[in-house]
Protein chains: 4
Amino acid sequence: MSRQVQRYLDQIRAEFSGVDAGELADYIPELARVDPDRFGVTLSSSDGYIYESGDSAVEFTIQSISKPFTYALALDRSGPEAVDAKIGVEPSGEAFNEISVDRATKRPKNPMINAGAIAAVSLVPASSPDERFALIQDYYSAFAGRRLDIDADVYASEKATGDRNRAIAYMLASFGVLDDDPDDVLDVYFRQCSLKVTTTDLARMAATLARNGVNPLTGRRVTDAAVVRRTLSVMVTCGMYDAAGDWVSAVGMPAKSGVGGGILAVLPGQLGIGTYSPLLDAKGNSVRSVLLCRRLSEELGLHFLTVARDARATLRAIYQPCDGVRVYEAHGDLLFCGAEQVVRTVDRGCEDFVVGILDVSRADDVDEAAKVLLSGMSTALHDQGKAGFIVDPDRRVIGDGSEFEQVRYRTVEDAVDAATAFIRGQRSGR
Amino acid sequence: MSRQVQRYLDQIRAEFSGVDAGELADYIPELARVDPDRFGVTLSSSDGYIYESGDSAVEFTIQSISKPFTYALALDRSGPEAVDAKIGVEPSGEAFNEISVDRATKRPKNPMINAGAIAAVSLVPASSPDERFALIQDYYSAFAGRRLDIDADVYASEKATGDRNRAIAYMLASFGVLDDDPDDVLDVYFRQCSLKVTTTDLARMAATLARNGVNPLTGRRVTDAAVVRRTLSVMVTCGMYDAAGDWVSAVGMPAKSGVGGGILAVLPGQLGIGTYSPLLDAKGNSVRSVLLCRRLSEELGLHFLTVARDARATLRAIYQPCDGVRVYEAHGDLLFCGAEQVVRTVDRGCEDFVVGILDVSRADDVDEAAKVLLSGMSTALHDQGKAGFIVDPDRRVIGDGSEFEQVRYRTVEDAVDAATAFIRGQRSGR
Amino acid sequence: MSRQVQRYLDQIRAEFSGVDAGELADYIPELARVDPDRFGVTLSSSDGYIYESGDSAVEFTIQSISKPFTYALALDRSGPEAVDAKIGVEPSGEAFNEISVDRATKRPKNPMINAGAIAAVSLVPASSPDERFALIQDYYSAFAGRRLDIDADVYASEKATGDRNRAIAYMLASFGVLDDDPDDVLDVYFRQCSLKVTTTDLARMAATLARNGVNPLTGRRVTDAAVVRRTLSVMVTCGMYDAAGDWVSAVGMPAKSGVGGGILAVLPGQLGIGTYSPLLDAKGNSVRSVLLCRRLSEELGLHFLTVARDARATLRAIYQPCDGVRVYEAHGDLLFCGAEQVVRTVDRGCEDFVVGILDVSRADDVDEAAKVLLSGMSTALHDQGKAGFIVDPDRRVIGDGSEFEQVRYRTVEDAVDAATAFIRGQRSGR
Amino acid sequence: MSRQVQRYLDQIRAEFSGVDAGELADYIPELARVDPDRFGVTLSSSDGYIYESGDSAVEFTIQSISKPFTYALALDRSGPEAVDAKIGVEPSGEAFNEISVDRATKRPKNPMINAGAIAAVSLVPASSPDERFALIQDYYSAFAGRRLDIDADVYASEKATGDRNRAIAYMLASFGVLDDDPDDVLDVYFRQCSLKVTTTDLARMAATLARNGVNPLTGRRVTDAAVVRRTLSVMVTCGMYDAAGDWVSAVGMPAKSGVGGGILAVLPGQLGIGTYSPLLDAKGNSVRSVLLCRRLSEELGLHFLTVARDARATLRAIYQPCDGVRVYEAHGDLLFCGAEQVVRTVDRGCEDFVVGILDVSRADDVDEAAKVLLSGMSTALHDQGKAGFIVDPDRRVIGDGSEFEQVRYRTVEDAVDAATAFIRGQRSGR
């Protein structure tokens, strides 16, 4: 039934595969050697259902996408007061590799720029660099739901060429932001940036944030809701560098990109997204990944301010008016995430009924993505030897001239009558 | 049943009444003459239910809280392309009365600073200042659900003393941002800022934004969802001046304050808040209003990234297992807004049952605010001669040693048995 | 004798006449209508001697070159404390039409940007705009040594289109920098900028600054040395906008340019320069004027840090060893200005001798410009039926293989002997 | 005869000894351990005459005063093009230890901030750090006229604590500004800053700059005039950090201060000044040294724009109207430096006359410092059994009621008559 989502994803991935703008990162040879055509995307629903398309199993280095996770770990282990004393939460309006230290407080402006990310490493309490890195590696792995490992070549290269980061670390030391040896902290930072992930890892990490800290795959609580809220808040205002306002307006998902070519985006409560394509724009963001995120947000209505409409929505009641027939009553606004959930709920329950009736007569707004998903439901049920009817008097889902006109009913009563007839017909040997 | 919400609101209002820090705005005599002790707050649920406390009927001038609404009107009438050509969407990191024009594009950085707000006025197409103001006044009134009028004295004073705004308007004219006569545009701007509102007006305006443009009081669609999303997005990154990151982290509601003493805050999909207290901090924000918003967000969990958890939540099913008994089955995370809705749903339906059973056995996370509301439900029903039971095997709502222990059951079956007994007892004359 | 200087000036003017880069100012039609080929330059020595080349009699509007003079007038009339309270003296690093108000003090950063210049107008005490302008007009006229008048068309145009300046004036009013009505102050400012000057006026105004406030033409003291020092100091650090360091390094003359096409440059103690060519570069400086100033400074050694070398230099003694022979003994470093003065001193005194002997044996450094001037002296005297000999044992002036070898002597004694022989020969009828 | 200068210097040094504001530098223990009461000052005339007062023989570390000299050495050895490609010449408006790299070019803004100074070190071509340091040490020593050595403790401490400078060096490396190993360059920089000087060294280094590169003590040319001009130009606009405009206006001498407590100031063509007092203000400038420089400039008229007036000044003629009498004819403006020179010229020549007559009748402006020096000349000559008369018809030097009235004459003839009478009287046995 989720084939529609899958098909949609494959289709836009195919569309953007044609875009070959951008350049491979070349500040270290390892990044310049990757296959520029790689392109993958994974969606994870907040209950852990995975949609993958393209090179979703290819590993690449996490790079700056690590920043929110080490920040979260620092919040977890050192508490918000200690972290706030060393790292701010305001947008810097500057490129990620600027030093961006607040003039008055001497703190890095936020944890999404290198200065703040390096400071965050130092706020993970540990007695040695190895212990500190082990904590970070375990933490990220818990978010991903599998053991993440290091790309040793990338790590060696980053370490050999990191003059800018060394400058930042020594500057922080001179301001009293770093208490540990700058070179030790940097070593952990370089290792952290070299951890390998796939888009499916990123989607799961994102979904764990979307689920307020519970990994939907493992069911394990990785961190608590307050840490997630703080982390996502900072991603909202500082995640996409100097275009926070534009990203919030156009995409509306807390997100983080890395020069490895990945982007991780979170739709709180709903969805985790991971993308990968190594060709970067001038700001260091993956060209295709940005396009993909914008398109997904636009077409699926994944803006965090929009999705909140779902809050009062979806299945207000599920009941069986008679044997073999189940009615799913949807209320409120129906957008992509809600509709996707409705479709999967119906799918999961389909062993228990012969005819599923979706009643959208009390729904408010239904967007395009939802229409496609919901109207496609009857086909999917039909393929399983069942029937799916839709109660839609105001044509919220089934428009004039739709191919699904024959499954549309004006009242639940009509639909139930039809369902009874269908069941009878089926039993009578058809 | 919503008395709990009312009581909570009265209590925190009373608490912050003791705070007398801050100063009255004094740049015009009219603002310096208001009663500094005034303090009011109104909450509007997204379906229009109003909770008021304190001076919620006192009128004050809207001032900068007008900015998002004129921006929305400009988007409505001129379209996003025309508006984007003249006004940016990035945080300015500067005080509201700085000129803050982007060095490269010469556009005001965003519509929440004076420069952007004045530009927004000029983007409301009209053939005269009077016509333009009439459009603005009508638009705001549609958001508020009542006719808003001007404070003539404030308007006259603003106009007489507005050197800074005149400077900004002439600067914009020199950059080609303003096509109309700067003095004409300013006159409309001064009138717009002088419109009088109450906290209840602000709450309704906020709720209209929370409802994606539909006024929950009048049911009228004032603007469309795309305009609301854009407007709220800009409020997220630019609404609270130079502390966007801190406000998003700590409060997490798109908001706008005015030197008149008001703050309007929106919890998308859920809630509109209006507050008023004229004592201002150094940045021009109402001291008590800021405290109130922070407390409400913290204690009621009104962060937009948190609330999204409600998306899959609340009443998944409502059914009557037997006569006189109704079961409300809650799923997902239960936070303030969802719980408030559950309580009101039960309240609305209580004529149809004798015993209401709230089944939270499949709920995930239940926060403190929700616990108080849900557990208080049984008392409220009891006062009406009915009973309220809670199925809560994992003590998500009723903690150990709670006074509500006697209404807690481990299974729906147990609760239904108890309900049947209760009804029998009641019929038997007890 | 000063023909060499004249020839030099004509030659470099001719060279740069070929440069036709740049655009006419077009923000008002009057400036866009001037003849783009105009090109003039005037040098005034500190004792008032004038060298002119090209369109030195063409009038153009003074524009921003007015700024240092109104600043000087404000210092004169209101005193440095009152002026410092309203206008800073630090470089702004910004374009002239930026507002550039110090964030902390709210004062314009310096008097060479529009904000500071408008503030300076308001610091000329007067009971009416007409009186204030009359004071300014008189003051500038005293610097120029003739009555300067207004270009009425330019004034009318500036006034009609001055949105940017109106913005600045209202901003200053809102900061309490302007005590008078912003429109009144601006009116005077627009008039001041519309005063017409020639390059010769500018050179005289510059020479008056070079002479510490005494007009070398009229002998009248226009202002005192402290005001001049302050004014020139501010021109050093703020006169050429955002390239103070480069201008000081490469040119080293306090200077001010205007969009009318003029540049005024001052070599303190030595020289005033005025140039005119209306084609402007992107920063609003006259392209040819900038080239001319750079070349003059480079080739004539007009850097204020270099020229100070002259301090101990030039004619330490003048004496007549015998009838008809006068010895001029030059000490110290000989650069353009000193050499030019030596040449003119000899020229002035040539009625009193038959043979002039220039003794440079005790001079230190002699630059190229000085060599040309000094060695040419003998030709000039020869043309007047006299002789000019040079005592130059170390070849400081007359290099190996020079055409002037025959007038070079190793000792004063040798030169005096030769002079006596020359006079004898002349008397004997040759 | 120069006792007046000496007395003046002793007096103002004594006055400022009472100032005990400021703090010892404490970023390394060595600087915090110096005696806070130390206070010395040395003046060197451009011909090498030295006036010393207080702790002028105490050694302290040169620190940032090294910056202009390494910049000069880089210009000398690598040429201006290569240097300009790596270091700008514009004021940074920022503290010395900010990174201050130009956003567009990635070059340090100027060589007077640490970033530029470190880059300058790397522009001294050498095959090893030791060779590079040897070149620097030799160069500084040539300026000072004696061998300068390193303070090994300060060097060790700087090296151990220099996180900020390490940050800057790595940042420069990442921008491609540093071609050598950052740690190697820094090591030379730390050594350079640890060289020990006295105020007399600083005064001689300054006088060498004042003399356009010729050390007045050794007579050796250390660098050429173009390098000096460039170096002094940059000191004018960038030497005193973020107060360039104020320093130029108030002091008007290219200068450089160091956290060791020293200030070096140059009056081009005239004077070198070195001061030392280790108590620093908040910006890291020596409190007493700044006061001293301001007072010296103000009272002695040492502003570079003022002093240029001297250019046409001082002794235009020296002649002997009769045996035992010498007339010194002063022209132009007489300020401190010119007058000091006149006094010393008379002093030097006094073996050749019995009566010295100073003719100031053709002088223009005579400032207070010059009056004191010139009028005191007669006392000094009297102490040597000679007489000093002043021809001063317009009372330029000898005011009404002056104690020197008896040596004042209205014409040279009167003075010569009096001189003849004096000589006769002396011969007749008086």
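Every residue gets a Cβ built from N, Cα and C, even glycine.
The feature substrate binding site is assigned by TrEMBL to A:Ser64, A:Asn114, A:Glu158, A:Asn165, A:Tyr189, A:Tyr241, A:Val259.
A map of TrEMBL features onto the structure.
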residue	record	DSSP (3 states)
A:Ser64	substrate binding site	helix
A:Asn114	substrate binding site	helix
A:Glu158	substrate binding site	helix
A:Asn165	substrate binding site	helix
A:Tyr189	substrate binding site	helix
A:Val259	substrate binding site	coil
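Within 10 Å of the Cβ of A:Val259 (substrate binding site) there are 23 other Cβ atoms, across all protein chains.
Around A:Glu158 (substrate binding site), the same-chain residues six or more apart in sequence whose CB sits under 8 Å from its CB are A:Ile28, A:Phe190, A:Cys193, A:Ser194, listed in sequence order. If you count neighbouring Cβ atoms within 10 Å for each of the binding-site residues A:Ser64, A:Asn114, A:Asn165, A:Tyr189, the highest count belongs to A:Tyr189.
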